[in-house]
Amino acid sequence: MNLPTRHTIFDFRSWPLYAGYQKLYERFGYDAMAYHMMLWQMFVLYLIISVASSAIWIPAIINDHFYNEKVFSLTSMLPRSSIRAIIWTSILFLTAIFARFIGYQRLQYIQNQQENSVQQFSVVIMNVHEQFQDQYVQMLIKQYVNATPVKYLRIQKIKSLKARRQLHFTLKDSEEFIREQGNVKSQFSWLTKLFGFAQIIQFLGSRRDSEYFEKRAQKYQKQITKNDLLKTNYDAVIVTMETKQQSLELIKKVNFWFNGKNQMQFGKVNGSKLHAIQAPAPDDIFMENLYYNPVTRFIRSFTACAIIAASSLAMFTVICIFRNKSRQQQSIHNLYLLEIVKYYAVYLCTFATDWFVRPFLYLAQGIEKHYSFIQKERAWIKKLYVYQIFNKFTIFFSRSVYTKNGVFEIKNILNIFGYTKEYRQKANNFGQDAYFYLIIVDFGWHMIDAGIFIFYWVILKAIAKTNRDKLVAMRSLPIRFASKNVYLLVVLTFILCFGHVCPTLALRVLIYFPIQSIVSRWVTLRISAPCVKTDILAYDFEQMIYVCVLIASIFLWLSYAQINQGFIYFTTVIPSVILMIQAIKMGVFDKFVEKLDKKFQEIIPKPIFSLELDSTKISVPQQWYEIYKHNISEEMLQASYQQEYDSTTIIPAILATEIIEEERAEVNK
């Protein structure tokens, strides 16, 4: 499908910087394309922040290098005046508006997709009773969506589906391997076998032997036998619709009509409601996770969050102990080289901890048993963001933690918000920490992450022996764009939180984004493996920007609390930012956009309708409003209850009327 060609002043893809993203969209989906576009959008945003914050850092630089009484009086008054708060609050407003502009681009993409889409989307309907015939399911779909499914597939024994599929591919690979090469276990040297390198090479996907395939086949066969013993009387149905709009409409109808208070006979099976979720591809759905108890799922989710919190707390403790040991030895050893080693060791410790812990945290996501890959990635964005924010602030707040007789004490925790000449130029302070942290921990991680893809790709090509291994070696690891989006959000949060006391941060990171865009685009298109196509992470990124702005407003207030002026800014800055975000999300800014470009009147979502019933105003969705206008008679209601499954034409009207009557009764009470 071609990218939208409509030209508007908000269509960032019309800019020359964004040319050539057609392959990214076709191969990896909209979120992959949106991430690479976001790198350039962040470049523009930080350029705007640098220009807007020049009123803070230019006078300070002039005062540092060219002493002048007038300039000195201005810069000495700047930290305590309202000028800094007004300038940075305006920057927070611009960031929130910029997030909304990104949302306009996403809405325009959705509209063009609805008009011109030929890509097929699948829907998985769970808890379909085994006696619920396929003919009736297809009839319901045609009735409610007014479209015939392109593909229809019913799956029995859902929990064994993944194991059966893995067993099929394992046996297929085993046959191909035996045909091409035979058993190669004897080809490994004794040194390779001694240190376990043979198993590592087998796991990477090359030089496998027959014993390797036999063990994997036995593992999957045991899973199938165990799951088949569980007696279930419900199936799942994968329905592929022609467009995404039809799939979304089907999900809405299934989840609404069959899961209300007045459920029909087929609305609930053994305590499990009929439920539908979207699947851009059937492989996106984790079939074995569809029927977990909600209580069990909540406990697992709480456990995953506890693991994240424990990891962050452990890292904070390690950094505090390391800094305290460094302070104690500083009075004994005053070697300049030793101090430099200790200073950089803090960053290396943070980097190494994140290097080993983050993959295990992603594996811990499997504890929650998500329905789909998209749901798992959306949950991972939130958890990884919290984890990275804690780790980033650990570097700076650990300066205020001391140990006395084995007990931790916090002293002058707000000193990181100072704004003086000594603060800006003196080494081994917060300003120095900020620059080195961004370069080593954040940007260094991105560069090494790209290097891992290249290294893995080279290793696979070097050790590939069979034809299948050579085909696999053409692509490296799949890219998780959720993690990449989080890093952009963490850097944005850090700059918005501390940029008002270290205003050159945004200017110093500008060069990073063009470099990262070129490297990431080459890795994605050339050597990365295909991944599940998603189009919802861009929306989560937009919403998380508002969270970044809100956190930054709190840190702006803390900087004035450090000089005993926090009350007035707590009652002005934070409420104004909250009101601005709410105004943008409620559509106040959309009115201004519509005046600039009339085409966006079709893109911006319209509010729900209002329905007058006995002088009582009830807000109902548009579909209920259209149904209620037909004024269903009592005879039709009674006739529908006497019929069974073939009364599909009247079931929506019954449920809509009853729900409206219930809401009216509750309002009258």
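Just so it is clear, glycine is given a Cβ too, placed from its N, Cα and C backbone atoms.
Curation does not apply to TrEMBL; its annotations are automatic.
Feature list (source: TrEMBL):
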- 43-62: transmembrane segment (TRANSMEM)
- 82-102: transmembrane segment (TRANSMEM)
- 302-324: transmembrane segment (TRANSMEM)
- 322-555: domain 'CSC1/OSCA1-like 7TM region' (DOMAIN)
- 344-363: transmembrane segment (TRANSMEM)
- 434-460: transmembrane segment (TRANSMEM)
- 481-501: transmembrane segment (TRANSMEM)
- 544-561: transmembrane segment (TRANSMEM)
- 567-589: transmembrane segment (TRANSMEM)
Counting Cβ pairs under 8 Å that sit 6 or more residues apart, are there three or more between the transmembrane segment (82-102) and the transmembrane segment (481-501)?
yes
Using a cut-off of under 8 Å between C-beta atoms, tell me which stretch among 43-62, 344-363, 481-501, 544-561, 567-589 contacts the transmembrane segment (302-324) the most.
344-363
Predicted model, mean pLDDT over the domain 'CSC1/OSCA1-like 7TM region' (322-555):
74
